[in-house]
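Structure, as structure tokens:
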């Protein structure tokens with residue numbers, strides 16, 4: 001019997017009280033402007049993730065231009081991809097202070113600046129700073145808000161919405177590869193990066209579309225979720241109670257800080273009113289003081305929310321299942337990246353280059369990956385299906401494919417396994433949904449920032465580790481076997497923790513009965 005996806009969620013407040021209130025649902029949740037948010041996120045995935053998947057074109061140009069080793073040159077692309085994800089927790093701080101819209105617009109400008117400055121690179125180390133760090137941080141500042149906003153605007157169709165928006169990665173891989181190849185051929189790689197920087201300014205437009213929901217709309221979303229749950233969660237009830245109590249404590253602290261901050265602003269406003277009879281210079285100074293005070297209040301409030309999420313009483317790390325989710329993320333992403341790197345060499349080793357040139361195996365993964373995201377999203381949104389169970393089944397399928405891929409020595413066999421890898425890796429679109437189910441919409445930005453940070457570490461270290469294994473064994477097989485086994489360890493953590501969480505309340509009730 002399947003449980004609903006809220007069975008692993010955290011609902012704040014009393015369900016019985018909330019459910020008794022008649023609430024008119026916001027038309028923008030699951031409809032209306034929500035689909036503009038999906039469009040915005042889709043374009044973000046094309047411009048950021050699609051461009052990063054096409055960096056192989058520029059990597060060849062950099063090798064020819066700077067005459068550096070392949071390993072050193074490859075770090076430019078690895079830094080850009082890794083930093084985009086690793087900065088997630090820090091981007092959560094920006095979102096807490098400025099909101100998703102402003103964060104994304106600033107990130108779009110920073111990303112475009114990184115591309116444009118890279119056009120003037122004189123060596124690879126210059127690209128480390130301009131493209132790896134600058135463009136990478138900018139990409140992270142746009143990517144995380146794009147995912148978070150979809151989670152805020154959707155309740156019933158969250159998985160489908162995330163699936164549709166993240167298909168931009170697959171489309172972007174094809175579009176950006178063709179675009180960069182054409183630009184490099186016609187104008188050279190420096191002008192190509194300059195033009196790509198201009199195109200990246202469209203990320204600011206995508207950010208402008210991220211219209212924030214009002215606090216009233218967010219509360220209505222919580223009511224809709226609580227009304228749709230027939231059987232309250234039992235698997236993670238102990239952990240949910242912990243988050244509720246800690247959340248209440250942090251909210252009390254926030255209210256105290258807000259009261260103190262309001263007193264400061266009121267005093268400034270009082271001085272401003274009293275000073276109207278004075279000259280204009282004093283009025284101008286008071287306006288500046290008021291603006292600085294308001295900025296200070298916003299920064300302090302955002303930092304307090306960010307700090308409490310990670311280190312305070314309501315820390316996300318008190319949720320054991322979420323911690324297991326982080327451990328899983330440390331091993332998962334590299335298992336998806338490694339086939340893209342080593343498949344061409346495996347094809348050459350098995351003398352299948354002629355068939356692979358007609359229809360590359362990596363293209364099979366990319367194409368099926370698009371359909372996998374959408375189909376898994378539709379399945380997860382069915383009332384009788386648990387998103388958590390779909391997520392686990394997709395992970396089991398992917399790890400099985402990773403372990404069996406080296407055993408395939410024919411093009412047909414490799415194509416079938418690659419198709420399964422592409423489809424099962426569609427669970428990436430479910431990651432924001434599962435994260436939201438674990439911690440709630442309020443903590444989604446900070447929580448998902450931690451998850452993609454773990455994915456970034458995996459993407460940054462996984463491929464070099466696989467190359468190191470090849471240097472020792474002179475076989476690609478062991479790279480797949482070791483990454484697959486590490487991936488399996490992460491999945492086991494996901495399976496063990498819910499069982500522990502389920503067992504703890506039972507033990508507690510038994511002890512109370514004995515007393």
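For all residues, glycine too, the Cβ spot is worked out from N, Cα and C.
In TrEMBL, the transmembrane segment annotation falls on 192-210 of the listed ranges 192-210, 211-229.
Stretch with the largest number of CB pairs closer than 8 A to the transmembrane segment (478-496), among 33-55, 127-148, 192-210, 388-408: 388-408. Taking pairs at least six residues apart, the transmembrane segment (358-376) and the transmembrane segment (75-96) share fewer than three Cβ pairs below 8 Å and do not count as touching.
Taking every recorded stretch in 33-55, 75-96, 127-148 and counting its Cβ pairs under 8 Å to the transmembrane segment (192-210), the highest total belongs to 33-55. Listed by sequence, the residues of this chain that lie at least six past the ends of the transmembrane segment (321-343) yet keep a Cβ under 8 A from its Cβ atoms are 8, 236, 239, 361-362, 365, 395, 398-399, 402, 405, 414, 418, 421, 425, 434-435, 438-439, 447, 450-452, 454-459, 461-463, 465-466, 470, 476, 479-480, 483-484, 486-487, 489-491, 493-494, 496-498, 501. Here the transmembrane segment (414-435) has long-range neighbours at 5, 8, 147-148, 150-151, 158-159, 162-163, 165-167, 325, 336, 339, 343, 346-347, 352, 359, 361-362, 364-369, 371-377, 380, 387-388, 390-391, 394-395, 397-398, 401-402, 404-405, 408, 444, 447-448, 451, meaning same-chain residues at least 6 beyond its ends whose C-beta is under 8 angstroms from one of its own.
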